[in-house]
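These notes concern the structure reproduced below.
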Amino acid sequence: MGQKTPQIYSVELNGAKDMKQTDKGDDKDKYRGLWSTCLELRKNHHKEHVTKEIDLDDHKLSNKELENKYHTNIVTGLSSTQAAELLARDGPNALSPPQETPEIIKFLKQMVGGFSILLWVGAILCWIAYGIQFSNDKSSSLDNVYLGTVLALVVILTGIFAYYQEAKSTNIMASFSKMIPQQALVIRDSEKKIIPAEQLVVGDIVEIKGGDQIPADIRLLFAQGCKVDNSSLTGESEPQPRSCEFTHDNPLETKNIGFYSTTCLEVSISPVGTATGMVINTGDRTIIGHIASLASGVGNEKTPIATEIEHFVHIVAGVAISIGVLFFIIAVSMKYRVLDSIIFLIGIIVANVPEGLLATVTVTLSLTAKRMAKKNCLVKNLEAVETLGSTSIICSDKTGTLTQNRMTVAHLWFDNQIFMADTSEDHFKQTFDQSSGTWASLSKIITLCNRAEFRPGQERVPIMKRVVVGDASETALLKFSEVVLGDVMEIRKRNHKVAEIPFNSTNKFQLSIHKTDDPTDKRFLMVMKGAPEKILEKCSTIMVNGQEQPLDQSTAEAFYTAYMELGGLGERVLGFCHLYLSADEFPETYSFDVDAMNFPMSNLCFVGLLSMIDPPRSTVPDAITKCRSAGIKVIMVTGDHPITAKAIAKSVGIISANSETVEDIAKRLNIAVEQVNKQDAKAVVVTGMELKDMSEDQLDEVLTSYPEIVFARTSPQQKLIIVEGCQRQDAVVAVTGDGVNDSPALKKADIGIAMGIAGSDAAKNAADMVLLDDNFASIVTGVEEGRLIFDNLKKTIAYTLTKNIAELCPFLIYIIVGVPLPLGTITILFIDLGTDIVPSIALAYEKAESDIMNRKPRHKKKDRLVNKPLAVYSYLHIGLMQSLGAFLVYFTVYAQEGFRPSTLINLRVEWEKDFVNNLEDSYGQEWTRYQRKYLEWTGYTAFFIGIMIQQIADLIIRKTRKNSIFQQGLFRNKVIWVGIASQIIIALILSYGLGSITALNFTMLRPQYWFVAVPHAFLIWVYDEVRKLFIRLYPGSWWDKNMYY
Amino acid sequence: MRRQLRSRRAPVFPHSYRYRLDDQDEVNQNYLADEEEEAEEEARVMVVHNLEEEEEEDEVKEEEEKNEEEGQGQPTSNTWWRKLQIMNEYLWDPEKRMSLARTGQSWSLILVIYFFFYASLAAVITLCMYTLFLTIGPYMPTFTERVKPPGVMIRPFAHSLNFNFNVSEPDTWQHYVISLNGFLQGYNDSLQEEMNIDCPPGQYFIQDGNEDEDKKACQFKRSFLKNCSGLEDPTFGYSTGQPCILLKMNRIVGFRPELGDPVKVSCKVQRGDENDIRSINYYPESASFDLRYYPYYGKMTHVNYTSPLVAMHFTDVVKNQAVPVQCQLKGKGIINDVINDRFVGRIIFTLNIET
């Protein structure tokens, strides 16, 4: 397997080409076929898919070769006709949108889920039963047809509802992507033209300014001081320099390639202010396009709740079929006709179908989704609501998710001291000592030696939110100085700039010379910043406490210690120095020449260091602590450098303060890495290169043996592998991310969480959930809601299943004992879809029993939604008690009307004969058929009321699974009382309002019958309290294991 | 398998995982080769555990095994065979002496607990039923509103309300005669005189006294029916094409025709020509149920109660055609036009007398 693991950034020319040439649609079909054939094959296929990497060698070619390859000319560009031809051949330069599932398919999908299937089967069985009955007896009752129709209606209506819900969140999503048509400056027919970026073709020569989005994958032909932001592609938060040199075999690493959709941050003004590049790939053939197609090739995982519901359906179907078959056998042996027995069989199976549950679950999920949306978690797929709750591993992207995706000054070093700067998002309160003279000098350098500027017209905008023209570090410095010193532009104006050398990668410094704002001081001030070691080389003195001191060995050492320390934090360190040029040598009229460098470049005065980092969001550490206490492992997966990644991981708590990696231990004990006992290390940082060489088993072991893991320098494909690895551990994996590079992993994950503001469209499309406020802490809310909904769904299902037995028993007794049917089909429907709907939804509002955030995530295979105790307790305990209570009401009604229970036994046949119109009761009275029918309906109503009254008790006991109701608070969940009220009101309406409509089989019931089952209701309550008491008293006992669901 | 991974928690990464890789493969192979052996091994280890824990773990393990298999993608038949084996083992595991993942001890515990639970439930329901019986008297039903107003039945009755017979073919009407004769056995004058008293007509026969006292019943003699009594004409007129049909009102405990007006019976053609029936003779001639037969005190105490009858003698009915007849009860408090119930206060039947 080892050699099969994909290699990062590997280039598989032929394989990839083949893939491209085949028709996309065919490809998919072919693979779909494979998927179903064999799981083993699926894996292989997946590997193939993953290994499909980027086919690119243009970065190795010279300009001449490029011209030949693309039949273009660097100076004159393509001709219009050439371009038009190529455009016709390759299609527009745009990512083809992810294949939209047709709305009708989406709609139909809502109706064939696990639950819906059960209802469909029920409906069809009903119709079959009616068919049998009808072929036997033309006047048979239409009850089965009604039942089947209602079942079908329930599925369709619930489907419509779910579809509507999802469409709504999709609409919210759609409103996010406001695509502004992109323009590109292109040279064609020797002319510069501005055309829509969509019309670019390979071979086009484009010019790019600072701030532009790169319109296609380009090979840079001319670029100076060019920097790009690749964070959306690779996760690197630092700007990446770009030039025209070929620096690396890997197209992603080489400097002469610019990628589609990344941003060019800046280009040196001189000599032309633009970078020129040749388009080498357009549209779906770009790197971004590849990743996007990778995402579309990854199948969506089945949500845990869907699995659970499937499991539940299996249980219900199992129970239904076993009871059905059992009673079929009994019926046959009781000499019922086989045809009747089949009708009974179908009747029993259908009676087991919880008609209302589908609707309830859907509504419950969408209620939670709504609640989560209020807390800025937008759920795209209703079922994903629960997934976060069962999540056991969160694979989080770093940039933009854990961090703010914005360079910020984190530390300063001057006067031999490290100062910390505030890195929080908005509150900029600097606490370091600003009285030192060194700070005055340092702040001046920071302010002046900086080319970044605020876009005008943003005076009202908070400083941290203003848009800045300039690269990330300069921006950070600008904002930092603006906050600390006030109006930077004004300061710059007062200290007029006379000369400047911008930063470039060979110099590694930036320099500018200013007139000072002190009118008495005629000296020029030269300020410089750059790579600390380069800056130090040029210095002979160092400023301490505002005084210049010679730079000796000890101060140099102090500098290196500080430099290493800050570097070790994963921060980007800049050194600052200055020099006042003597007025004699450099009079006011002196003309500085930056090319000739007619000014001193040594013996400067070193002032200080300043380090920047993309700081973690302030809410993240807290959220991670919460995740951890909730038993969720947070793994960082980033494309960024290991050191930065580790530093951020430490600062947000992904690597906790007291845990060490193998390397840390080795360093501390001063031994070789190999000698360290690996069991001592709790944390590990794995780079993409290391991951590349790992087999599946090794990855599994890394994932299981370390509680704290950081993956750095990973490619999108590797993110996928990591997610798969986690899923192999039976974990439910959540992946958070914002970049295009995250989208395959987002899709593969059990739940993909995209950032709403910073997130790319690709990420949002692939995700199941979108954090509207980009706040990682919202995930914690999601986890909490998810766990709560899981618990509450358990309660809802337990509540629903209970009365199922009470609805089934009458039918069984009817078959076996031969009493008049105690409960009719239509009446059952009125319970399932009438009185019980609001209460079961009300359970979704139940508060958690204990701190759900302090327990482990549920085990995918052990902690089922519907487990044995739940089914047994609902069916055989409460359900049975409920049936007894309801039968009591039924017997009471019949007995008081003249039919004592002893008379009822085996009365069925006579009772149902239409021509018997003088059936004698226990008192010798004679009943016509219709009178009996009416009495039967009264019996239905009585049984219905009996169930309803006891369902109130059932509802109350289901509020908790372990705690006493009184601990939970009887009145805390007001919705429960709304539910109870609805139950009673619906029952009242049915009995007294619609009691005269005979088709509904309801009759007006004497008021006293409403209270017959009340003692039973209390009995149920008391019994359940006793159950809970024993569970609390004897945790882990037999009772606990068999009675706690 | 998971346990093993966990126990050898030694992290592999990033150095020297060679040996462990081999190790791992070996484990995998072993695992695949003889899962049963491992299962046994695990079982032995688990004996010390708590009984219930064993259960659960076993279940989980089984599930894992199943998954494992699916993942391995073995030939289908093999998988099914394995599944069958697992199923079999689940039903009865000789090694651990467990059935359905429970040991005998566990099963007996379950049975005992459920026995007590259901015994107490049975006790509760018995108590409830007992209370129920306390509230309802054995002599009088608590409510009678469902059975009121009274329904009507006719005799002879043989599953059908169509009287189809050919006068000249006794076989076609003989069963009516037998049926009527049988029905009227209880009305024989001798029997009635022996069992029941002759109470004054035209007034209710109210018998005060305790509920549980036996009540006397009024005579209704067969001879009251005159021509339809079968005494003079043993064929009840069927042999002459003038059939007798007896009409009986359903018994209702405590029912009393209101205001002292006896309930009358009147028949007519239901649909069609009024003149299809030219004459009907009613016996008793009043065509009514005398008040003395009311009220009825229920079968416990009113043992010999004899339902009064009204005989309709269809002396002149159009022959050779179906004549729908509706016989209605008339009287205060009688409802005879309920749409849904064609037997309350009325009865509809057809006469088709062929000659």
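Cβ atoms are placed via backbone N, Cα and C, with glycine included.
Small disclaimer: the values here were computed from a predicted structure and weren't measured.
It is A:1-26, from the ranges A:1-26, A:27-52, that TrEMBL records as region 'Disordered'.
When the ranges A:797-816, A:937-956, A:1017-1036 are checked against TrEMBL, the one recorded as transmembrane segment is A:937-956. The residues of the domain 'Cation-transporting P-type ATPase N-terminal' (A:57-131), classed with DSSP into helix (H, G, I), strand (E, B) and coil, number 47 helix, 1 strand, 27 coil. Outside the transmembrane segment (A:312-336), and at least 6 residues removed from its termini, the chain residues within Cβ reach (under 8 Å) are 114-115, 117-118, 342, 344-346, 348-349, 351-354, 797, 801, 808, 812, 815-816, 865-866, 871, 875.
Residues of the same chain lying 6 or more positions beyond the ends of the transmembrane segment (A:145-164) and with a Cβ under 8 Å from any Cβ of it are 106-107, 110-111, 116, 119-120, 122-127, 130, 350, 353, 355-356, 358-359, 362-363, 366, 382, 825-826, 829, 833.
Within the model, the domain 'Cation-transporting P-type ATPase N-terminal' (A:57-131) shows a mean pLDDT value of 82, rounded to a whole number.
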